[in-house]
Amino acid sequence: MGQQWPAGEIARLILDGFDDYREHFRQITDGARVRFEQAQWQEAQRASAARINLYEEKVAQTRERLLEGFDESLLEVGQWPLVKSAYIALIDLRFDDELAETWFNSIFCSLFSHDLISDGCMFIHTTRPSLRNQPSAAQTRNYRPAGELHLALQAIFDDYRFDVSYEDLPRDLQRLEGQLRASLPDWICKDPQQCIELFSSVLYRNKGAYLVGRIYTPDEQWPLVIPLLHREGLGIQVDAAITDEAEVSIIFSFTRSYFMVDVAIPAEFVGFLKRILPGKHIAELYTSIGFYKHGKSEFYRALIGHLASTDDRFIMAPGVRGMVMSVFTLPGFNTVFKIIKDRFAHAKTVDRKTVIEKYRLVKSVDRVGRMADTQEFSDFRFPKAKFEPECLAELLEVAPSTVVVEGDTVLVRHCWTERRMTPLNLYLESASEAQVREALDDYGLAIKQLAAANIFPGDMLLKNFGVTRHGRVVFYDYDEICFLTEVNFRRIPPPRFPEDEMSSEPWYSVGPMDVFPEEFPPFLFADIKQRRLFSQLHGNLYDADYWKQLQDAIRAGKVIDVFPYRRKSPVE
């Protein structure tokens, strides 16, 4: 039967589904330039969400075509190694073969239960090289200043033109040259072998466009990112020259929306990014350019590789125990694993379905650098020996429907992964006075920037925010988030009688979406000193009118600027 079984036809239909997905992905991505040129910011947000949702839509369509096109023998899992072999032959000459493997995995998982997953039937381990050789000449552009940096910059912007003119290119190039000379060692700008290498395609995200590359000599290199802004009615402005690796890393952060960029050979571009950002895992780099499912595949491979090669064992994550989620981690792997508890604390009114919807919402909204990206997994299987006994006991106690022991294996039926950060409340306990001020200032900015993106965190307690390795404050607990425009911000009405103020119950009605910002200070800060400092830094967050003005701007269609980098000398 094996030779008669239609392995080749099944493989072909799976790949046809992938081609359909890739074509629609390209169409959405290719529209980014026009949206930037025409300042279509709301359309850009919709396109970003549509591209994220596209993957699951096309997987579902391909699954249906398979079920309609083949009889029940399609679900004979023992035959799927033949499909995998036929599929490998079909993708061997493709430029996006690693993405095609992930697509195959998605189709397999849509047809079979996760306990049937094996490397014989799908691509648990890739058959492709993890990184490719240097990008081809067509993928990058090279400029050699030979001591004449201003001429090289002029040549760059002769090549990177748009259908909208630059607002004042001579002014911007002069400022750009000054920033480069200030940020690089003096000798580098005089080195006759200095080269500026830029990726040929422009990267687009939200209201910005980005030239991405590096400055290098035979001995050293620096990343280079040049953000461009479209100042409506004026033209395009060259906004900055960024050469600091930490700052460039933040631009490609797990807290950002995904870039739109025309990439003919994804592995080559990721390899290019990896050379300028060696600290980034390729999972994060694939995700940053919209291939989040392949980023998930690379993350999983890194995880099973870590478990196989170390003595690391799962422990409960540091911090206050959550009322909805239970969080565990591996000390040597920079990730937390979040599961939904079977029973929530009485203070929580959400249910499991709502929590799942909230976490999935985060995937499709603009995270403005202030919400951690998540990956959702089903049926993780780990060796029981990889759990500290106290950790496993707690997980089994709070989530017995999600965490199950099967012999020597622990099955985690459903979880999310997020980048591990230091909880803000723990960070403040050991921070210096200057660090406390900086962290609280960034905490307030995080709340304001989320609000500008039409996101209200709901539960804004310090424990629900984390501090990244770059010192940025990021929100990561999503069970109460909602759109800002759904909230009814109110002032507390004056008491009717003196005894009203002494009552344990409010003397006014409170609706389910009512929020009283005046109540924030004691709710957010038990520490009086921190409460006073935050009032100095961001006291307007305690004013209902501040929030209402933001709501008005959002309802009017205004897309507010949130920059993923320090603006050094913006033009007003």
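The backbone N, Cα and C atoms fix where each Cβ goes, and this holds for glycine too.
Annotated features in Swiss-Prot:
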- Ala317, Pro318, Gly319, Val320, Arg321, Gly322, Met323, Lys338: ATP binding site (BINDING)
- Asp373: active site (ACT_SITE)
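A map of Swiss-Prot features onto the structure.
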| residue | record | Cβ within 10 Å |
| --- | --- | --- |
| Ala317 | ATP binding site | 19 |
| Pro318 | ATP binding site | 12 |
| Gly319 | ATP binding site | 17 |
| Val320 | ATP binding site | 12 |
| Arg321 | ATP binding site | 14 |
| Gly322 | ATP binding site | 20 |
| Met323 | ATP binding site | 16 |
| Lys338 | ATP binding site | 24 |
| Asp373 | active site | 22 |
- Cα-Cα separation of Pro318 (ATP binding site) and Asp373 (active site), in Å? 20
- Message: Roughly how many Å lie between the Cα atoms of Gly319 (ATP binding site) and Asp373 (active site), rounded to a whole value?
- Response: 20
- Note on the structure: Whole-number Å distance separating the Cα atoms of Met323 (ATP binding site) and Asp373 (active site) is 21
- Rounded Cα distance, in Å, between Ala317 (ATP binding site) and Asp373 (active site) is 18
- Item | Candidate binding-site residues Val320, Gly322, Lys338, pick with smallest Cα gap to the residue listed as 'active site' | Lys338
- Message: For Lys338 (ATP binding site), which of the three DSSP-derived states applies: helix, strand, or coil?
- Response: strand
- Among Ala317, Pro318, Gly319, Val320, Arg321, Gly322, Met323, Lys338, the record's ATP-binding residues, the widest C-alpha separation in angstrom comes to 15
